[in-house]
């Protein structure tokens, strides 16, 4: 199960490899933004990436020029505006999409829907046309709706593969690991908590009973910790006081997921990450659970594992909201002109 497999770290000091397997072309769509720039920096630093293709509607040539001066092997190209989107995606094996507007104080992730839904649908359409077999990693919020949007667009083009479309929920795991380590005085790098469900408020469900190493909390502390993990994004939005949302931690989490995916595509065995994907594990069409990753994306969905009564209630409480968010995404594509 998830908790028994060591989680991969974003190791920025990996020795450079010239293996022919490590020749991945990775695109970042939204590369000039608050998440896109630090994410691109982390990807540029990895020997797993041979070509980093950066796309945004503004400033991309500057970001690409800046990153291209870093002494690592990844070639960097910058692409700006709709006319260059196709070229940015040609030949890509992994596409990471942090494009969109960030949350401001008082906003929910769902408040971003109208703007970000259109952006993600446009980018998904370009992926379907230019790199239909690429792994698509969606960061743009609301993830609970933008993943169904991406899937419906891919279906319209006849290129949908549910094993290759991921909602990146890794930040929820990263936060859970950090918060538990802090409370228990543990090394965060050794703490591993699966977080399931979705990626907004009460749909974020940390399975603290499955944490490695095993930890226990009194019920009141468990409830408070669960609430903090669920609302951690809002904590950052408030602390930044109108200057954005979680960008640096999200860039780290997005890089961690991308590196895990690239490792698995290169043949590394036992790579497990949670992600929000098409699922049969619950009554929701999409649900985040631990996934065994392989050369072709999802190799096996590892499911929810054994839940406590508290966790079962969290899943039940999340179901209605998740179903509504999924339907909202699907309806958006059905109603698109």
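Cβ atoms are placed via backbone N, Cα and C, with glycine included.
As the structure is a computational prediction, the values presented were derived from the model and not from experiment.
As recorded in TrEMBL:
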type     : residues                                                : note
DOMAIN   : 25-167                                                  : domain 'Lactate/malate dehydrogenase N-terminal'
BINDING  : 30, 31, 32, 33, 34, 35, 36, 56, 116, 139, 140, 141, 250 : NAD(+) binding site
BINDING  : 103, 109, 141, 175                                      : substrate binding site
DOMAIN   : 169-332                                                 : domain 'Lactate/malate dehydrogenase C-terminal'
ACT_SITE : 199                                                     : active site, proton acceptor
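On the backbone, the CA of residue 250 (NAD(+) binding site) and the CA of residue 141 (substrate binding site) stand 12 Å apart. Whole-number maximum of the Cα to Cα distances across the NAD(+)-binding residues 30, 31, 32, 33, 34, 35, 36, 56, 116, 139, 140, 141, 250: 18 angstrom. Among the recorded positions 103, 141, 175, 199, the ones whose Cα sits within 10 Å of the Cα of residue 116 (NAD(+) binding site) are 141. Long-range C-beta contacts of residue 109 (substrate binding site), restricted to its own chain and to partners at least six residues apart, with a cutoff below 8 Å, comprise 103, 141, 142, 143, 144, 199, 200, 201, 233. The separation of residue 36 (NAD(+) binding site) from residue 175 (substrate binding site), Cα to Cα, is 19 Å. In sequence order, 142, 199, 200, 233, 234, 237, 245, 246 are the same-chain residues whose CB sits within 8 A of the CB centroid of 103, 109, 141, 175, the residues recorded for substrate being left out.
Among 103, 109, 141, 175, the residues given in the record as binding substrate, the maximal Cα to Cα distance rounds to 18 Å.
For the domain 'Lactate/malate dehydrogenase N-terminal' (25-167), residue counts in helix, strand and coil come to 65 helix, 30 strand, 48 coil, using DSSP. The recorded positions examined here are 103, 199; by Cβ neighbour count within 10 Å, the least packed of them is 103. Shown are the binding-site residues 32, 116, 141; the one with the most C-beta atoms within 10 angstroms of its own C-beta is 141. Around residue 34 (NAD(+) binding site), the same-chain residues six or more apart in sequence whose CB sits under 8 Å from its CB are 102, 244, 245, 247, listed in sequence order.
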